[in-house]
Amino acid sequence: MEPAVNSETRRRNPITRAIIWHYSNTKCSITATQHEKEKYLFSKVKFNPWILMPAAVIVQFCCGSLYAWSVFNAPIDEAISGNSKVSQAPVTFYIAVGMLGVASAVMGPYLERNGPKKTLILSSTLFFCGNALSAIAIYIKNIWLLYVGYGIIGGFGIGLSYIAPVSSLQKWFPHKRGVAGGFAVCGFGAGSIVIGKVTLPLIRMVGLPMTFIVLGTCYYAAMVGSALLFRVPPPNYTVSSSTDAEQKATVPLMPQNAEIKLTLKESIMSVDYLFLYIIFLSNTLFGLLIISRLADMITKLYSRDPNEASTIVSINGALNLFGRILFSTVSDKIGRKTSCFIMLAVQTIIIATFPIFLENRIYWIFLLCMFSTSMCYGGGVGVMPAFLADLFGTHNIGVCFGVLITAWSIAGTGGGLLFTAIYNHQIISRGYTTADAFPFIINSYWILTSVVIGLLCTILIRTHLKDRILPPVDGQWFRFRFFKQMLILKRTSACPTIQVMSSEEYDELWENYLKTRNVIGKNCEGMVELATLSEVNK
């Protein structure tokens, strides 16, 4: 069979062969000699994985300046078009978000092959070039160069920088996946805190074009310096510990220290990956769209001072950061699924009441809801790396997380363009002004629908190992856990039926399955291949 497959591959065009090679070749190219050298930071100072935590925060901090983009909108529109209300600059944010997702999905295999150090040096260079081109675009008053510079090139660099620390920390800290995931992405929220406050004073001091040069240079120095600290764990690297969430996600009959190892195709083609994708998209949608327009909403809807709006953007960024650490840490105790359910439920309530406090201009409730939304949005980003590792293992975490980030990009780019189209239609064709709440309220309806769908997917996603690999019962279409009951959806000639199975009955079914597969007592220290347990399903 193998020669036939190779022959078929050779008959494909070079582009197809390159794509297949790129995604199928994720083996790390770092040699044993390099691993030996990387045991030391420099001279005789030994490498300690904990140094990666602050290094990851610094990298993400620089990339997180993207969240402060709303502060740039009015100055850029004024500088390029002479009208701060034309809303051309916000498109840059959406393009950058889209390219972040593209870079994450496309360059995930590159990260796995070459490690985080090379990846971060490349991404830092791209991000610097994006900032430099932005300065030139503003100087020559060319909005399209801004879209290409910061949106495409800078966004691509941000995407690469985003996934590298996440992948690295999940591999170095398998015993603290939630905490590692939170720290790996918390700096992204921290970036908007500082950048949101220093941008306007820096513009007044050196001018708008030079602001991008100054910030871009600082980003580059900090990111490259941090990149030099990153390493790839040596082969067979293990930590003899496990979290409560990891233990809850398995069962006592499975080896306690075993790790799930799936192929890339098994991971991203599974129904649970699809559910996780929808959950992530839904959780990021409202927060991402509001972050990009928060400063404008404060100044135009509530007639507040731009400096106050800048302060609110910074506070919002701080709570985004806090949410990433809070929910990711708590998820180690209560589980990833419960954490996601809480975040989406809170957002559902907020969006459902959004028209009330926006139409009535209740400022303090607006801020409270926006701050809560930002925490939930940040928490979802912090929980996802650990959620992925729990479900699919760390073997292809860089690629899986990279593909998952496209959900974030779809929320930011697709959602942003849809939001803008509806908003502009209300302004241009329906006679509303930027000081009216209705253009925002009408957008909240479709966002609410998306978040409710994500909430339903949170209920349906199967986090227990046995739920995913136990063979289906007769007539089963799908099964999912609801509290301590297992609900089994069955196909019938008339209409679908639901069978309720108690936890005791389900555990007995699982135990009998393991006995038939001869799993008990084997692989106690090794890797559990999901494919070996699911052969009977094929």
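Backbone N, Cα and C define each Cβ position, glycine as well.
Bear in mind that TrEMBL entries carry predicted annotations, made automatically and left uncurated.
TrEMBL has this to say about the protein:
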TRANSMEM  47-69  transmembrane segment
DOMAIN    48-466  domain 'Major facilitator superfamily (MFS) profile'
TRANSMEM  89-108  transmembrane segment
TRANSMEM  120-140  transmembrane segment
TRANSMEM  146-166  transmembrane segment
TRANSMEM  178-200  transmembrane segment
TRANSMEM  206-230  transmembrane segment
TRANSMEM  271-291  transmembrane segment
TRANSMEM  311-327  transmembrane segment
TRANSMEM  339-358  transmembrane segment
TRANSMEM  364-387  transmembrane segment
TRANSMEM  399-423  transmembrane segment
TRANSMEM  443-461  transmembrane segment
With CB pairs under 8 Å as the measure, which of the listed stretches 89-108, 146-166, 178-200, 271-291, 443-461 comes out on top against the transmembrane segment (364-387)?
271-291
Give me the mean pLDDT over the domain 'Major facilitator superfamily (MFS) profile' (48-466), rounded to a whole number.
85
Any contact between the transmembrane segment (47-69) and the transmembrane segment (399-423), i.e. 3 or more CB pairs below 8 Å with pairs at least 6 residues apart?
no
Per Cβ pairs under 8 Å, the stretch of 89-108, 120-140, 271-291, 399-423, 443-461 packing most closely against the transmembrane segment (206-230)
120-140
Quick tally over 120-140, 146-166, 271-291, 443-461 of CB pairs under 8 Å to the transmembrane segment (399-423) gives the top stretch as 271-291
Is the transmembrane segment (311-327) packed against any residues at least 6 beyond its ends, judged by a Cβ distance under 8 Å, and which are they?
64, 67-68, 70-71, 182-183, 185-194, 196-197, 287, 291, 294-295, 298, 339, 342-343, 367, 370-371, 374-383
One stretch in 146-166, 178-200, 339-358 has more Cβ pairs under 8 Å to the transmembrane segment (271-291) than the rest, namely 339-358
